[in-house]
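Engineer: The following block contains the structure, expressed as structure tokens.
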């Protein structure tokens, strides 16, 4: 029997970390497009491909920074300028958006498919030394934030992936053994 944990895919899965600090090295648009082309092969009920993407690179991150700062200011936050600075300094960010669908069984299936696409993207990016962190927050539900970026009110933001090259890999945090999380019926 193969030692599953030592396969290249298993090593990529186990070594991937959320990255919060990036170098200033620009992220190439073509690389991101190629990574997404492969990532789209996620399990997807009925091949509905519910996702679309907003990619912010280089100075393009300022548009995202402005939208987030505006949202924060509108919500009464005392730190919109801090958010504006943090986001505009990112090498890149990718918003993953699911098409409009009422919250039904299909909505859940589509959300699962988009989440799987994101995991594919994270793993493929990791192999290219591109790290990221998957962010969500109250802003993903805000019609004001969505409108500022051309996202329809009924569309769902699955997440914001802040991405870039990195120098330091964080240590792994412990995971609970699957043996403590499984019921087996034989």
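Just so you know, glycine gets a Cβ as well, placed from its N, Cα and C.
For reference, TrEMBL lists these features for the protein:
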type	residues	note
BINDING	16, 17, 18, 45, 134, 135, 136	FMN binding site
DOMAIN	13-165	domain 'Nitroreductase'
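Any idea what these are sitting next to in the structure?
Structural biologist: Listed in sequence order, the residues of the same chain lying 6 or more apart from residue 134 (FMN binding site) and placing their CB within less than 8 Å of its CB are 18, 118, 122, 159, 160, 161.
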Engineer: Give the maximum pairwise CA distance in Å, whole number, for the residues 16, 17, 18, 45, 134, 135, 136 listed as binding FMN.
Structural biologist: 28
Engineer: Can you give me the same-chain residues 6 or more apart in sequence from residue 17 (FMN binding site) with a CB-CB distance under 8 Å?
Structural biologist: 131, 169, 170, 172
